């Protein structure tokens, strides 16, 4: 393994054409990712999920993805067609979605859904795929894999469902996992458990992780690095540990709004939005370090 | 008024209609209709359907002007089964009647049936669905069970049995069709009522002491009407087809009335040699029902896009 | 219900597993029973509102009043309505629909005799409708808004706007009279009658069982046009419903997840999304079959197809009310049966319906 970054994104743009002109969902987003945990924070509509989907090649029609550079390892994602992306998905990049209640096929047993990924990428026999799936279920700490294998999504709890989702996405051994609000739909009590399992897998396999969330607190405590997005752009990029020294007023506003233990506020702080934040940030050029 | 000022005037009205902050309830309502119309107008197929339906209504209203009333029933036995000509655009039937005039006047019968069925079905459906959704409990259970029973019947067969018992004729055909058409409206009205039942503006009206009847009529009925109207438009093709089917079987309007289904039926005897006698009235049924279906589809699309 | 209450989480697994389905079946049966009672009520009422006086029909209008009264009492018309209904219900439950005026046979025997012909016609139509309608609907959904979708939507709109009796006539005119591709009205040519012994009542099947190749070809050639025409109507409806179910499935998160796993769109659409759409499609297909029975009444008239529809139509014009009501009852019962079947089949495609909730 070299030190070359896992993922390089430079000036990523996602545009949805519409009657009233183009809507720019993502504007000149640039970052690189090594085998680390990167958090992307932002409110809904800030373009954080769209960024994730653009990397997966899953931006729905009629959306357009453009970038100056979009590389996964040594693969140029910009030149890939749908077929090329299909070989990457699951095998090299995978994605965990928000709510296992909706993101697992309700009429297929969870075991088959996990094995399906394996069969698809390794052309394995039903038997091999089943064995691999059972092993994967154990790896995400499911106690009775044989039983869970034959269950349907509605029969498992939310926390268990999300672990199944992780198993389904990691079984083909991807290098990069994009987790889009992986715990927002879960009970607070199981959120940490699911995050811990995800963390364990990511570390063990030496993967990169992009954690997309609206929860600043969660991202800052879990990730190595944090990007803050607002209106389709990155407004802040810093080490998670240094978040308290953030520069951008939006980030500062978010930090100020976080509740603190043992410190009851009379007035809840309100985020004052500045129209200036909507203006385009200068795109990255070769000159910028 | 010059062309320029007229255009400016129209632009003014357009702006007023599309105003994001309407000043009155009327402006808001008209604006909503106008926006729906703008969406509808972009749908070519729906506009075609609208055109067909308008054309049909026009033909029915102005029938005496575009065709000879006499010719629709006048039997000229010396001119039986003639092919299309300048004198008889669609030819003549087995009794020497002008098929064009019969088709034109037949539109009146078709529209009458559709109108009568609608006039029965909507009040009955609302009358059963609204209380079911509004009061819930036993009322709901009983009314919906009755609805389910009627819903479980095959429509044409039940209409057939009713028409057979009541005797053939246009009124009985209407009753028979209406009896088998109302249940979905009751369901629809109930569902709409249920979703609004707990709405705050209804509770507000209750707190102000409005009677149940008043709330149902002034608050809930207007909210149900759009979906009922869309459903009705979509159903009209079905009503026309059932009516034509009954007519074809001899259970609808009785001869010599120029009912399209009955005309197809009488043309059957000479189908192989004089194809136009059966085919042309069938075409009229087909085009009419396509028109209503296109219109209904378009209306539904508009309402869906507004909802979503 | 109490059965469900047994299925507490602490109860043994098997109790839970059995209680769910049992509860379901009971619920379905209950609703079937109610609907059936409703059906008999309606046919009973139709039988009573008829303007013809059944007593006069028997004694003639010149009969003296005492004869009239005696016959009236014999038929039971002097009894209170609920009692009359009860008697009627008992008769129906014993399969007694009275005798047909035309054939002077018990109506039930007549119905059983003609029903296979209708079944043959509508089953083939349903098969055509599902085999073509489902894939067509899926294609329309995956090509939403593009020309394929437009063509399919318009084509199926034409289908359910079509007066079936007229399409039948046009079909006869074109494919039988002008082109000569198929046989004309009827189920078989005269020369082929009564060759094949009746096993299932479906001539196409029976002729295969008997190994009568010529009969099979002739029967199929008679069957193919009416079945295709009915099939087109059901295809139109099935395709339209499939399209709308698929559109809502394709918006679901699990579709995105399946794509993110790297599956091909083909597999995602035809295995995952369609697998979920079947849950709703089952009911639609049952309903379609019911509406095919209706369409059969008209189609049979056009094609002189000796089935239930033609039987009812002929009875209608001979004021044979027993036969008409018997036929209505049969269609109603089949309808109810289909609804029940779709309710019971539901759990096969939807694991969520396998347990009581």
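Just so it is clear, glycine is given a Cβ too, placed from its N, Cα and C backbone atoms.
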Inset, instruction - Kindly point out the range from B:237-255, B:256-274 that TrEMBL annotates with transmembrane segment. - result: B:237-255
Inset, instruction - Would you please say which range out of B:45-67, B:68-90 has the annotation transmembrane segment in TrEMBL? - result: B:45-67
Inset, instruction - Given the cut-off of 8 Å on Cβ pairs that are 6 or more apart in sequence, determine whether the transmembrane segment (B:275-296) and the transmembrane segment (B:156-179) share at least 3 such pairs. - result: no
Legend entry - Segment-segment contact (the transmembrane segment (B:156-179); the transmembrane segment (B:213-230)) at 3 or more Cβ pairs under 8 Å: no
Legend entry - Annotated stretches the transmembrane segment (B:237-255) and the transmembrane segment (B:109-135) touching (3 or more Cβ pairs under 8 Å): yes
